[in-house]
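Q: Right, I'll just put the structure down here and ask away after.
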Amino acid sequence: MFDWFISLNSVTIDFDTSHQFFPRIIITLLLVLGSLILLANIRPVWRAMRSGRYQFFVRNADFFRLLVTLVLIPVYFWSMDAIGEELPNMGLGFLLASIPFVFLMSMLYCHERTRRNVTIITANAVIAPTVVWGVLYHLFLVSMP
Amino acid sequence: MEFLELLSPAFFLLAAAGAIIGIVFGAIPGMTATMAVAVCLPLTYTLGLQEGLALLLGLYVGGISGGLVPAILLNIPGTPSSITTTFDGYPMAQRGEAERALKICIVASLVGGVFSALVLFFFAPVLADFAIKFSYVEKFLMIFFALTVIASLSKNIVMGVFSGLLGVLLSLIGSYDVSDGGNGEYRLMLPFMEPYLAFGFSLLPVLIGLFGISTIIEEAEKGAKESSQEDKVNLTKGKPFRFSVFKGQVGNLLRSSSIGTFIGMLPGIGGSAASILAYTQQKNLSKQPHKMGTGEPEGLVASESANNGLTGGALIPLLSLGIPGDSTTAVLIGAFTLQGLQVGPLFIGENIDTWYSMITALMFANVVMFVVMFYAIRYIAKVVLIPKFILYPIIVMMCTVGAYAINYGIMFDVWTLFIFGVAGWIFTKIGIEVAPLVIGFILGGSAEVYFVKSLESYGEYTVLFTKSPIAMVLWGLIVLSIVVSFMIHKKSKQHSGESK
């Protein structure tokens, strides 16, 4: 019996599988805690969802702006890379993708598209990326696509 | 005093620039000091070590301080740590005493910042000297203790622990590094991910995504509406500012600064807890507690000296143990790595000149913050009016530059930004807490190395408990933090039950 207790305490980590040792402990703990959280919260959350007290999106969520933001950002990243591949080692991927991105995102978030605001947005879309590109890429030699 | 040779005019210029940019960031509602540091990181890539740190520390001090501007003028805390500043600041602004309120806060911020920098200067080397004696077991327990403290101060303890462990798991993605004694095998990913995730997710894109991009997505969800309270900004109609307002407030200043510094030392808790605790303490000790919340200077003094006290406090565990004290210092740890420095018990001893220059930068940034804010507050106040439609695209652009340049041009780091931006937005909706997750992510890799090495060396689990008296003390602290947190949660539940 005593030997059995002693054997529980001893541990040998096989080098070939050592990369799995710690992650397995963490995953086990996460599964245990996850189950506890689910068990403790599933009923109140379900009730709250049915009664409308809990909702994933904020009340009166702006789905249009949210959705376009979630599309615009990855498109910006993709286009930056694509342009950078075509025109490498000049940081032009960043510059040429950022100008339309800043313009479109500003237009998206602008609630009053007056002539004055659109002028500011257009100027900002050209000036801000150009200044960042000029200062960071040329002056500070920061890598850009 | 060899470090004096390292202090070039550029060093002071960058610390000042950092403080000013930080103030602007902090003054914009929704922007935080963490974001300021994250967004400006690319600027440090080509700077020297001293100059880069000067800029980042300036941003940290300025970012925390700037939060008081919208808290007073718009009743919107610019940073989470300014929440209690709104309680008395906004009523004062409504009476036309906005400039008086702002200047009280600026002076209190200076006292809190300088106090915490002094505590950092004297206390961090002592703690580091002590931590040098730690073996793998104690180091692992220290990380475990940090995670329990963070988790126990979360809104829901179980969720806090879950979030911390999730962060640890995310940090383990990639190969088990041979340089850490691992076997070099990949884990926790599918074979097609191996070219991208061989070294796991990079720290900074993860942090910038969680703190920067997720904020933008949250704002988009809310419609990115502009604050419509510009007309309420009225600076000087009422009573003017006089230093005599601090008569009788010395105790409050020192107590609140101490609370802020102490809370800053506890990993992952953040400035909002510091300012709330200091404010509550002042209310308990005030001669006129019923007046607090109606525009009393003592409330402002407590709140602002505490949240600036946090700056030096949060750097103590970072520089002496390698454990970040809050989300901003978590980003700073990435900046140190970028400069080839490893923070931990040996940091101060091995980089004494850098240490002195950091303290100098911190002190100088506090002075700049004070001078700039005190004399130019009328102009800084206008920052709160920068429209979101101009600001947010620039933030995303800067985040992208930072993520791309971190590993000298890896596009996957930019995608990491987006992945964690969306994840951060979803996490807040399903109750996963970002602070424990981030600390878990930062410390996960070290926790694995220390844990596995301890067991490999001794071959038994009990070594984690019995290795040394320090280990036993750490276990005592771990148990204490869990018990105390359960008691606090029970008490707050009772309170909310009674109030219902």
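The backbone N, Cα and C atoms fix where each Cβ goes, and this holds for glycine too.
Quick paste of what TrEMBL says about this protein:
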- B:12-45: transmembrane segment (TRANSMEM)
- B:13-439: domain 'DUF112' (DOMAIN)
- B:57-76: transmembrane segment (TRANSMEM)
- B:101-124: transmembrane segment (TRANSMEM)
- B:157-176: transmembrane segment (TRANSMEM)
- B:196-217: transmembrane segment (TRANSMEM)
- B:259-279: transmembrane segment (TRANSMEM)
- B:355-377: transmembrane segment (TRANSMEM)
- B:389-406: transmembrane segment (TRANSMEM)
- B:412-427: transmembrane segment (TRANSMEM)
- B:434-452: transmembrane segment (TRANSMEM)
- B:472-489: transmembrane segment (TRANSMEM)
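A description of the local structural setting of each listed feature is requested, covering burial, neighbours and distances.
A: Note on the transmembrane segment (B:57-76): residues 14-29, 32-37, 40, 82-83, 85-86, 89-90, 92-93, 98, 101-102, 105-106, 109, 113, 227, 229, 232-233, 271, 304, 307-308, 310-311, 328-329, 332, 358, 361-362, 364-366, 368-369, 373, 377, 380-381, 383-384 of its chain, located 6 or more positions outside it, place their CB under 8 angstroms from a CB of the stretch.
Beyond the transmembrane segment (B:157-176), the same-chain residues lying 6 or more positions past its ends with a Cβ under 8 Å from any Cβ of the stretch are 147-148, 150-151, 182-189, 197-201, 206, 427, 431-445, 447-448, 482, 485-486, 489.
Sequence-distant neighbours of the transmembrane segment (B:412-427) (same chain, 6+ residues past either end, Cβ-Cβ under 8 Å): 163, 196, 201-202, 204-206, 208-214, 216-218, 221, 399-400, 403-404, 406, 433-434, 437.
Residues 136-137, 139-140, 143-144, 146-147, 150-151, 154, 160-161, 163-172, 180-181, 200, 203, 206-207, 210-211, 267-270, 322-324, 326-327, 330, 333, 424, 427-428 of the same chain, all 6+ positions outside the transmembrane segment (B:434-452), place their C-beta atoms under 8 angstroms from a C-beta of that stretch.
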Q: Could you name the stretch, out of B:12-45, B:101-124, B:355-377, B:472-489, with the greatest number of CB pairs under 8 A to the transmembrane segment (B:389-406)?
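A: Checked against B:12-45, B:101-124, B:355-377, B:472-489; highest Cβ contact count belongs to B:12-45.
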Q: Determine which recorded stretch among B:12-45, B:101-124, B:472-489 has the most C-beta pairs below 8 angstroms with the transmembrane segment (B:196-217).
A: B:12-45
Q: Can the transmembrane segment (B:101-124) be said to touch the transmembrane segment (B:12-45) if we require at least 3 CB pairs below 8 Å and skip pairs under 6 apart in sequence?
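A: The transmembrane segment (B:12-45) and the transmembrane segment (B:101-124): touching, no.
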